[in-house]
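Working notes, beginning with the structure itself.
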């Protein structure tokens, strides 16, 4: 009697039955890969729960209502930036050199926040401040799109240059000082909403819902994934590669502008040092891939990753751990995720 799937080392997940390898080898192999992906995803969630449990055991206040609200508010800025980067990864692929990457998001955040706070301090109304901040983000996205798609500059270099330009302009506006801001809009965004959940948390969920609906309920989603994952097939199908990729950079820029507004609302000011957000943003977007069963960038995965990174940062702050260690851990997470994704891609290719 031929050995069964279980005998050959594949243990099916609950509710998933693997076909017999002798009867249908291709279906058996596909089922095994699906189960491994499920185990990887489940392992990611277990890791998150384990980390949260450790923080809760060491610092009882970690799971307190006030601290959970703080984590959600802190994660909102990071999550909005991560969602913008996710769109770029979807349309450009996860090859950060030749594919899609936007390293300018942290700089866009800082510049948009400086523009918003500077105009607010000058007495400009909320509507004009919001328009200026979003317009700033859109302008950065346009510069990135032109540099990458028209001038053919590698995305890694083009967006890194944009980040430095934004950081320089931010210093020009702020003069390396803190610009305080106050208005009804800032008070509203910085407050709490229903169920005592921070309004910034609702803002993050609204942005995530908008992105998810666009990718799932409209033709934009399948086409965007096709452009990034299967460019030759997408080109053969008549899809405009440059249009979708340019759109992702514009959306990413808008995300940076919106995150700048959220940052001002959270801090009641615009401060320097926005470049420090670069590593957490990249970590969030690439960690989001791990939370996907198919190991692809998704809105849900990025949202969960933002909450995880936010919880990680908050937990270390409560434990009075140096931020240098936090940065090192985030860097290690990026290295692990990119390595695992590359290994998985090679496995599929083989």
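Positions of Cβ are set from backbone N, Cα and C atoms, glycine also.
Database features (TrEMBL):
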TRANSMEM  42-63  transmembrane segment
TRANSMEM  70-90  transmembrane segment
TRANSMEM  96-119  transmembrane segment
TRANSMEM  131-153  transmembrane segment
TRANSMEM  199-217  transmembrane segment
TRANSMEM  249-267  transmembrane segment
TRANSMEM  298-318  transmembrane segment
TRANSMEM  324-345  transmembrane segment
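The transmembrane segment (96-119) is not in contact with the transmembrane segment (199-217), judged by fewer than 3 CB-CB distances under 8 Å for residue pairs 6 or more apart in sequence. The listed stretches are 70-90, 131-153, 249-267; of these, 70-90 has the most Cβ pairs under 8 Å to the transmembrane segment (199-217).
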